[in-house]
Amino acid sequence: MALSIFFIIYLAMQSWVFGNTMCKIVFYLCNSNMYASVFLITLMSVNRLLAVIFPHTLYHLITRKVVKRVILGTWVLVMAISIPSLVFRDVKEETDDMNQTTYVCAPNHTLRRHVRFEYAFQTVAGFIIPYAIIITSYVLILKRLRETRFQRNIRSEKLILAIVIMFGLFWLPYHVINLIQVAAAWYPKDSATRKRVKNSSTMSNTSLPPLTNPIPTEPAEESAVSNNYFTAIGALILSLVFLLGVPGNLFIVWSILARCRQRSVTTLLILNLACADGFLMALTIFFIIYLVMQSWVFGNTMCKILFYLCNSNMYASIFLITLMSVHRLLAVVFPHTLYRLITRKVVRRVILGTWMFVMVISIPSLVFRAATAQNKTKVVCAPNHTLSEHVRLQYTTETVAGFIIPYAIIITSYVLILKRLRETRFQRNVRSEKLILAIVIMFGLFWLPYHVINMIQVAAAWYPKDSATRKRLYGMAESTRAVTSTLAFISSCANPVLYTFAGKSYIKNNGFAFMAKLFEGTSLEQTGTKSTRFTAKDDLGKNNVDSENHTLASPLQNQC
């Protein structure tokens, strides 16, 4: 992570300014990190295997001295096998169309066998062999646990398994690209197949499949959807998002509508959030067809409408999350005000007003989008800004109204909530705050990169059209827009996964009703004697909070 400052400066300057030696050292250290991470995770897995299958052997043999020697040996091995990335990396000088000289820190393979050696070695030694050991270890662990009748605490196994899965998910695409480059290196230099495969790997090294924003490739005038390798991965990811997001969000909607008899404000907001996300996930079928057909076949009107709906989902999601945060603030800091003011009628009006505002503020994405012909054979659905002012208007509005202002309100709300909870002497259960805070963080992680790229495009639009700085900034934005759009798109299928983890303790006892049980547990309101009122209650739905004397009253049942 400390090395990331070099890459931030590299991207910002659009040129490597640290010299050839630092180019080699920085990438050598990055490669060492890859090996060290997977080797240490492998050691964890082997240690768990010994602890489960040979506990007495582990006790006698694995002393502190042995552990230190094994770790030291691992680091020595890591430093040795990372040497190819030190050798096959140099700073190269490049000149663009404006005669601007830039420096890139790039591989310097002179022979095809060097390419095959480095990338094949990385994947075999840094992924295939370690993961084979890890999988074997966990198969033997599970087999052993099934054979034993006593119940072991397997929290450590779960934690390490989670680390293994996360590491694999992040590194698998990298090693797939390695193998693509190895395959390309088997073809002659002038082979068309080699050029196609190499172009695919180069594009994939800089961005993920452009699920919602196909970007131009270099150097020919072709869209990213015209690359078979690129679009195949994109269609696969979108298909997985569709299969996870649509059923997941529909399950949330069903849980609330079918299982919750009386719905709290939080539950109503989660219901609307699930509807927005589920609807967006249903639209992925159009983008899958776009990638498979490698051309936009739905016409100009559908191009505008679909991207308008995608943008509307962004605003709806963040505004609903902001409403959740403000509601928690009122519930914690002003509970009596909440009781008097927040009726069902008020809540429904606020939600309806939010949706109307979302539909209005998303209009720029309806105007500045069109289906245009490319290469006379392909049609792409892309932005159609004719003036720099249009670029600044659209992307500034998106980032300020769709991220900065809502997140300022959210952060302020949680600061005041935490301040209030610290001032009170009684212990409140804050499960609802934790769940909503998790939703906020997840949304921010997925959408922050998108808005950073928006600001880069806004900055570029301030420069003259023939400015080299403008071209560099636009190039940076175009090369990363696919990544950020992909992350933003995936965010809509993240909440069902989040709710499932949050409600896993209810699954065993409640089955498919676990989601409704979770929403009961996160409800801070309770229907009172009048059906049109919400009253404050604790987060688990078990007690009412009396803010004056901190006494507790009994709740009603079947509340969500």
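Quick reminder: no glycine exception, Cβ is built from N, Cα and C everywhere.
Note: TrEMBL annotation is automatic and uncurated.
Summarising the annotation, TrEMBL assigns domain 'G-protein coupled receptors family 1 profile' to 1-217 (among others).
According to TrEMBL, the feature transmembrane segment maps to 35-58 (among others).
Taken from TrEMBL, the feature transmembrane segment applies to 70-88 (among others).
Look at TrEMBL and you will find 119-141 (among others) tagged as transmembrane segment. Only residues 6 or more beyond the boundaries of the transmembrane segment (119-141), in the same chain, are considered here, and those with a CB under 8 A from a CB of the stretch are 31, 34-35, 38-39, 41-42, 45-46, 48-49, 52-53, 81, 84, 157, 161, 164, 168, 171-172, 175, 178-179, 181-182, 185.
The transmembrane segment annotation in TrEMBL covers 161-187 (among others).
Per TrEMBL, the feature transmembrane segment maps to 229-257 (among others).
Residues annotated as domain 'G-protein coupled receptors family 1 profile' in TrEMBL: 248-499 (among others).
For 269-293 (among others), the entry in TrEMBL reads transmembrane segment.
Here TrEMBL flags 313-334 (among others) as transmembrane segment. Away from its own ends, the transmembrane segment (313-334) comes close to residues 265-266, 269-270, 272-273, 276-277, 279-280, 342, 350-351, 354-355, 357-358, 361-362, 398, 401-403, 406-407, 409-410, 413-414, 416-417, 420-421, 428, 432-433, 436, 439-440, 443, 447, 488, 491-492, 524-525, 536 of its chain (Cβ-Cβ under 8 Å, at least six residues beyond either end).
TrEMBL lists 346-368 (among others) with the feature transmembrane segment. Residues of the same chain lying 6 or more positions beyond the ends of the transmembrane segment (346-368) and with a Cβ under 8 Å from any Cβ of it are 265, 268-269, 272, 304-305, 307-308, 310-312, 315-316, 319-320, 323, 383-385, 390, 393-394, 397-398, 401-402, 534.
Marked as transmembrane segment by TrEMBL: 400-417 (among others). A Cβ distance under 8 Å defines the sequence-distant neighbours of the transmembrane segment (400-417), meaning residues of its chain 6+ beyond its ends; these are 314-315, 318-319, 321-322, 325-326, 328-329, 332-333, 361, 433, 437, 440, 444, 447-448, 451.
Same-chain neighbours of the transmembrane segment (437-462): 314, 317-318, 321, 324-325, 388-389, 391-392, 395-396, 398-399, 402-404, 407, 410, 414, 469-470, 473-474, 476-477, 480-481, 483-485, 487-488, 490-491, 494-495, 498, 502, counting only residues six or more beyond its ends whose CB sits under 8 Å from a CB of the stretch. Here TrEMBL flags 437-462 (among others) as transmembrane segment.
Residues or ranges marked as transmembrane segment by TrEMBL: 482-502 (among others).
Per TrEMBL, the feature compositional bias 'Basic and acidic residues' maps to 535-549.
Residues or ranges marked as region 'Disordered' in TrEMBL: 535-560.
For 550-560, the entry in TrEMBL reads compositional bias 'Polar residues'.
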Restricting attention to the domain 'G-protein coupled receptors family 1 profile' (1-217), give the mean pLDDT.
75
